[in-house]
Amino acid sequence: MSNDNKDLFSVLNHAQSRIDRKENTQYTSAHSEIVVPAVPLSSPHHHKEDSTYNASSIRILEGLEPVRLRPGMYIGGTDSKALHHLFSEIIDNAMDEAVAGYADLIDITLDSNNYLTVTDNGRGIPIENHPQIPDKSTLEVIMTHLHSGGKFDGKAYQTSGGLHGVGISVVNALSDDMEVEVARERKLYRQRFSRGIPQSGLEELGDVYNRRGTRVCFHPDSQIFGENTAFDPEKIYKIARSKAYLFNGVKIRWNCDPAALKDAKNIPEKDVFYFPDGLKDYLSLSLKNKHLVTAEIFSGKTQQLSGHGSVEWAIAWHNGDAYIQSYCNTIPTEEGGTHETGLRQTLLRGLKAYAELIGNKRASIITSDDVMASTVVMLSVFIKDPQFVGQTKDRLATTEAQRIVENAIRDPFDHWLANSPHEATKLLNWVIERAEERLKRRQDREINRKTAVRKLRLPGKLADCSQNSAAGAELFIVEGDSAGGSAKQARNRTNQAILPLRGKILNVASAAREKMSSSQTIADLILALGCGTRSKYREEDLRYERIIIMTDADVDGAHIASLLITFFFQEIPDLIRAGHLYLAVPPLYRISQGGKVAYARDDSHKDELLKTEFTGKGKIEIGRFKGLGEMRAEQLKETTMNPKKRTLLRVSIDTFEMQETKETVQNLMGTKPEERFRFIQESSTFANNLDI
């Protein structure tokens, strides 16, 4: 099964593009983040005699060829998130120089032609011939060889996030034009590359006396990311600003061509990021005008002994949504890791110790989940040789990081509580209230899940699964009884439930609350989920691990998916934050030739399959599915519901773009058609194909 992440902004924009343009245009958009799987939805079936397997079938990939062939293995895909990951790789190298104490200035320049330049005043990439490959400069080795760099032996860098040979070489492979300048030992050098291949030798440009460091200028390859792909100035700006918060010893200067800012809101052409109080400055700005449980933000920074690294944190408790933004060596760890585990355990133990000190026995019931409820956390660690899960470094796996964080925060947290007894008691009572609410909810729930089902009187159209546990359970939301019938036959009855919807769900972005409350379709959906809405959402009451929107692969299906996503975003956003909401990817076409069958999700995929898979003799038959209900149960199972073969797109929310996402949802789904039309004109490449 393939699970690709898609932020909610991209999902809605992509779906709206399908609705508001002519149906025969292809799936391409500047903001669309549909990830094309490496294989068709259903791989073509061949007769055994059609295939050969011998020595000539084995291919050895050389140099950076694996990166171009499977970019998803290195940057997580070819969508907008992956595109901006290229910038992260380059600025991470510059930040490593700053953290190591060799640089204090980074310049970032975004041109209107989609060239991005990052310059630092560090030591500069070495340029002398490499001892292991004597006929090449070290710069060329770093740029063209995976797993080469100065961060493996721990001598050049005590802590680092990027690895020159993994990060910058991958960016080089995925750029159609890249130029690297190195100012080192009073000499200026330059080398050019294209798609990972040197286009020139190492050139010595002359003497420089007032400059040192590395300048990297690159242009993403349209063959990888698409013709209309462009950097988002707002995303680049926010990434750069966050790096400055993470290390208060660096100044980052931002420059952007005005032509590149035409669609960006409130992003200046020039800016300077420098924050002497680091994460505390960041959190104070984020929580401006918010009511906090304690008057002060708990923040600090600890340098560990024996060169093991450092920890910086800023923590506040408030009455809003909880989120944790953590980093390791300036790398954002979106999926958490061992450093977050250390933080959670330390805060729990500290509060329990304080409760014992003041004789509050009620605190015995609190857990780390109670402590972290409605907590806003910024956590940054710098450690030697960090171990991450996956190439994109979304989760920290270093075991020692937990101990480092615990040792760093334990004493400061104890002192913070002891020095402000009034605030500490207020916080403790607040956490105890969260724990008591949790226990009351548990007592109110029926022990047996099936009893709870009967008690709730779940919708009659719901075909529930047989297992009692939510772990591994899936709810498919489908449109209409016809599709529901096929899905019920195709499902695994043990863990897959089907909920057919009657017609299009209400657009909650434009409907009054009274109308939403009277909608039977919405009431059925809320009952089936079992987790409540808005502030009453309870993760532990959610009856399924995955909520999968499965609609037709046409315009109407996209519209229904947009309405459902809007409902989840406005009414149950925590369900999206927890990673429970997915989009199924059903096929639009069935292609057959002789004994070979394949399924295509859209027109461009169909054309690709016709060129690559159906090149033999014989009549090619192409059938277009009008809807899921037209598919046989075995076809639906094979292409869309079988975990081993299907593709799912996970919907996500970027915490730091929450306000922008709210505005986008309102513009696309709200009551003002002129705002929707304006948004499409400004943000979509399909404006010329509008069919209104």
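Cβ atoms are placed via backbone N, Cα and C, with glycine included.
Computed from a predicted structure; not experimentally measured.
Copied from Swiss-Prot, the annotated features are:
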- TYR53, ASN93, ASP120, GLY162, LEU163, HIS164, GLY165, VAL166, GLY167, ILE168, LYS393: ATP binding site (BINDING)
- 473-587: domain 'Toprim' (DOMAIN)
- GLU479, ASP552: Mg(2+) 1 binding site (BINDING)
- LYS504: site 'Interaction with DNA' (SITE)
- ASN507: site 'Interaction with DNA' (SITE)
- ASP552, ASP554: Mg(2+) 2 binding site (BINDING)
- HIS559: site 'Interaction with DNA' (SITE)
- ARG676: site 'Interaction with DNA' (SITE)
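Feature annotations (Swiss-Prot) mapped to structure.
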{"residue": "ASP120", "record": "ATP binding site", "DSSP class": "strand"}
{"residue": "GLY167", "record": "ATP binding site", "DSSP class": "helix"}
{"residue": "GLU479", "record": "Mg(2+) 1 binding site", "DSSP class": "strand"}
{"residue": "LYS504", "record": "site 'Interaction with DNA'", "DSSP class": "coil"}
{"residue": "ASP552", "record": "Mg(2+) 1 binding site", "DSSP class": "coil"}
{"residue": "HIS559", "record": "site 'Interaction with DNA'", "DSSP class": "helix"}
{"residue": "ARG676", "record": "site 'Interaction with DNA'", "DSSP class": "helix"}
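Confidence across the domain 'Toprim' (473-587), taken as the mean pLDDT and rounded to a whole number, stands at 88. In terms of Cα spacing, the recorded positions LYS504, ASN507, ASP554, HIS559, ARG676 that come within 10 Å of GLU479 (Mg(2+) 1 binding site) are LYS504. Annotated pair LYS504 (site 'Interaction with DNA') and ASP120 (ATP binding site), C-alpha to C-alpha distance, rounded: 53 Å. In this structure, the CA atom of ASP120 (ATP binding site) is 41 Å away from the CA atom of ARG676 (site 'Interaction with DNA'). For the pair ASP552 (Mg(2+) 1 binding site) and HIS559 (site 'Interaction with DNA'), the Cα-Cα distance reads 10 Å. Counting every protein chain shown, the number of other Cβ atoms lying within 10 Å of the Cβ of ASP120 (ATP binding site) is 27. The recorded positions shown are GLY167, ASN507, ASP554; of these, the one with its CA atom nearest the CA of ARG676 (site 'Interaction with DNA') is ASN507. HIS559 (site 'Interaction with DNA') sits 10 Å from ASN507 (site 'Interaction with DNA'), taking the C-alpha atoms as the reference points. Taken residue by residue, the domain 'Toprim' (473-587) breaks down under DSSP into 54 helix, 21 strand, 40 coil. Counting only the Cα atoms, the space from GLY167 (ATP binding site) to ASP554 (Mg(2+) 2 binding site) is about 39 angstrom.
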